[in-house]
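Some features that TrEMBL has for this protein:
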- 1-24: region 'Disordered' (REGION)
- 14-24: compositional bias 'Acidic residues' (COMPBIAS)
- 189-212: region 'Disordered' (REGION)
- 226-310: region 'Disordered' (REGION)
- 233-245: compositional bias 'Polar residues' (COMPBIAS)
- 291-310: compositional bias 'Basic residues' (COMPBIAS)
Amino acid sequence: MVKTKKLKRALSPEQDEEFDSGDSDAELQELFSKGLLKPGLNVPADALPQKKQYANNIVGLELKLQEIQQNYPWIERLDLVTGYAPLAPEMALQLEEEAERNELHADGNSQLDEFKRESLFHRQAQAAVIEGISRLKSLGVPTKRPDDFFAEMAKTDEHMQKIRAMLVKRQASKERIEKVRKIREQRKISKKVQAENRLKKQNEKKSMLDEVKKFRKGIRKDLDFLDDKKQRSVQSKNNKTPNRSQLKRKHKDSKFGFGGKKRGLKRNTKESTADLEGGSRRPPQAQKNKMQNKRPGKQRRQQMKSKKKR
């Protein structure tokens with residue numbers, strides 16, 4: 001130690017600083033080896049939290065308040081400082097029950113007084129309304145809206161007419177698009193039906209030609225395929241619901257015929273002769289009366305005239 005002291009005295013100031021830094025490093029290494037130096041203990045002074053200094057400039061705040069303060073009448077401000085309105089009996093009873101419940105479950109929690117705080121807010125607002133209404137009435141300010149009062153709309157009538165025209169136009173465009181869509185679907189369906197009918201006719205024609213070829217070649221001896229075609233056409237016609245004119249035509253055809261042979265249509269046949277229940281079902285008296293009222297023949301009328309002349 002003596003030698004180091006002598007060396008320190010003999011060294012220059014710069015060399016002395018280097019020696020001190022080396023000595024401090026050696027001391028740090030010695031502390032670290034002993035376990036006395038732990039991470040987080042060495043913090044620079046700049047990183048330490050500094051105490052915040054609050055500026056309470058009372059003079060400046062008062063000057064700024066005088067600068068922005070505006071002395072408007074009370075009717076423009078409508079500010080009130082009031083107490084609490086009288087408590088209703090049912091509310092008082094409810095508050096007492098709530099207080100008893102809080103005493104039983106009290107554990108220093110301020111949330112149990114939530115209902116009490118809300119009731120105080122309500123009473124304070126109620127007191128402000130009562131005092132404000134009375135003050136407005138004393139100033140002659142109406143507090144109720146007249147029955148014939150209509151508030152002015154935020155938007156003008158011209159603007160609303162534009163909106164209405166736009167909505168009508170949009171609705172018309174939607175209807176037009178829907179109509180076009182339906183027409184397209186109908187066209188697709190009609191085209192599909194036409195294609196199916198065309199294909200069906202082609203298949204029927206092809207099958208008919210095949211049957212005719214078979215008949216010509218002698219493979220087929222009968223012409224039943226022609227009758228089948230007629231039956232199919234008749235069935236398709238019968239499946240259709242007849243209208244009024246068709247029913248009328250059918251009745252006339254059954255009564256008067258529809259062309260062809262008419263001779264002997266009212267003659268008896270094997271079936272009509274065997275049908276004992278057929279024929280007229282009128283009583284004989286009616287037929288007798290009919291025969292009595294029948295006009296006499298020409299010869300009989302001439303005889304009657306000659307008798308009268310005599």
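Quick reminder: no glycine exception, Cβ is built from N, Cα and C everywhere.
Curation does not apply to TrEMBL; its annotations are automatic.
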DSSP-assigned states of the compositional bias 'Basic residues' (291-310) in counts, ordered helix, strand, coil = 14 helix, 0 strand, 6 coil
Query = Looking only at the region 'Disordered' (189-212), what are its DSSP counts of helix, strand and coil residues?
reply = 24 helix, 0 strand, 0 coil
